[in-house]
Ligand SMILES: Cc1cc2nc3c(=O)[nH]c(=O)nc-3n(C[C@H](O)[C@H](O)[C@H](O)COP(=O)(O)OP(=O)(O)OC[C@H]3O[C@@H](n4cnc5c(N)ncnc54)[C@H](O)[C@@H]3O)c2cc1C
Ligand code: HEM
């Protein structure tokens, strides 16, 4: 940096007179301008980093949404200019063109909105090459975004007709009416009431009413019961109110087809297109519902074991129907007719594809889950005194166990775990469930791989070792499939974050099972108890140190009594990911998270930051229920 004496010499050399104080003020101005420039540059760099991060993380969603918006703009513009040629435009003006443009997007969106909720089709598509380009995990968000576009379309369409072009029509002079509108609306000139009470008007008004009810009850506040209405209206909120009111859309679709057949301003030659837009999606969705109906009707399962753990978690183990093939990480719907013959609730499958049973872990939350727990508590053996509080269905009581129906399996983000070299599985509370199956499946495959390696090396062909893919049936003594895939995953790290140790009980059995099978130490398991001590508390640090020493010495954790390492604070995710990055150079690490959205943001950002630095590549996937 330039010294003051240098500045003075410079100024004197140039025969300029400047006092020290002036020189100082110029220098500080220059410095502050420089600093501002640097800050601006820093801000721009930070903004561009954020933009790049956003683009890289969301490119799948960006192209799908851009395409969708472009199609809507195309349809709107096409219809807008088509109606500009009509004589009615001379009287009804741009209101008519906007209403018609909006109507075209409505037809398209009412068809498209069904696609993201065709669960079976999506489950199949996500395992095809399309899964690489289309963000199937965001299907429900896309469904809601289309619903928002439908709301805007309805406002533009209905608003322009009712508040603008109908009034223009009825207030038009007789000459203008005869010249431009008589062919379309007949003689005499209709009144406002005539226009609204025609088939088009009545079907339109009914659609708006039904949609308003269904849209309101579908919002998060009503669906999640965040708005409490006074009695007796309290029953019209919550998931069930959302679910039943959503079926008003069946009537809306019927009305929409009728509405599209009886349009004003269209003649015999006019091609009615509403049914063309709707035909394929409506048939596809109807096919899905029919499939679900028949499949679930035949999917009554036999209960094998019921356990209720102190953390308020119920485990149901049931027989696996022969046609039920699934991948770890997927979920299924469960129905218990004794509780409600109409309600289907989704639960992650916690058994591995190779197990000869199906299992789910159910946390007590609302009416249905509590009613199921009550029901099973009544029919099961009480827990043996001093034991873990387990309820078991013994041979005698099994006969009277309530009936269960299942439907599925359905795809979820965690199902693609097998394409990664290393897995980091992070579950918050009940969010551990999709990972139980993955851990078990991973071990089943590793054990099988070792068995196959043994048998192949016995035969002197050790170079050819491979294992069956995770979604194939994996019974222990199975003859190795001819179509073999190599197991890519070499290591898994499981982080389970819970508030207190009580919740650990239901998971202990699973952890023990995993630890027992995992002779080679492929899976590292950590349990973080966040409500015991605050982060940074000396007691937490001390216990963690004692734990680490004990673990190093005996390989067993003092708190859990298993190989699971217990910690008493929130995990420091930056450290966790950095360690993995340096331990597994060049590896592709799949980070799977299931829990509250706050941590999802942090993990996703950390993955991105570490991807910029090292050769290890992290890919983040999230799920929330
Ligand atoms: C893909 C997926 C996987 C899940 N896996 C598990 C799991 O492994 N273990 C577990 O304990 N929970 C899981 N859940 C959550 C579980 O479905 C709900 O806790 C349960 O349905 C609550 O029902 P309820 O009537 O007792 O509670 P309510 O108080 O009626 O509902 C609580 C919340 O649960 C959701 N919910 C309720 N009913 C349904 C339904 N029929 N379909 C979808 N969501 C509903 C709603 O968001 C609602 O706000 C999962 C959810 C999803 C979407
Ligand atoms: C024209 C408008 C809409 C139509 C035709 C429509 C239709 C549907 C259909 C057919 C399903 C699938 C149900 C199933 O088979 O499981 C569904 C699910 C869903 N819809 Fe809509 N919907 C509309 C608007 C909305 C709106 C406005 C919201 C919320 C703001 C919404 C939120 C949802 C959610 C969250 C689900 C998933 C339920 C679940 O499986 O957990 N929908 N919708």
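Backbone N, Cα and C define each Cβ position, glycine as well.
Here the structure is a predicted model, which means the values were calculated and not measured.
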Write down the single range among 19-39, 40-60, 61-81 that appears in TrEMBL as transmembrane segment. 61-81
Long-range environment of the transmembrane segment (202-222) - Cβ separation under 8 angstroms, sequence gap at least 6: 147, 150-151, 154, 158, 161, 196, 236-238, 241-242, 245-246, 248-249, 251-252, 255-256, 258-259, 262
Under the DSSP assignment, what numbers of helix, strand and coil residues are found in the domain 'FAD-binding FR-type' (296-416)? 23 helix, 41 strand, 57 coil
When the pLDDT values for the domain 'FAD-binding FR-type' (296-416) are averaged, what is the result? 82
Do any residues of this chain, six or more beyond the ends of the transmembrane segment (61-81), have a C-beta under 8 angstroms from a C-beta of it, and if so which? 55, 97-98, 100-105, 108-109, 112, 133-135, 138, 142, 145-146, 149
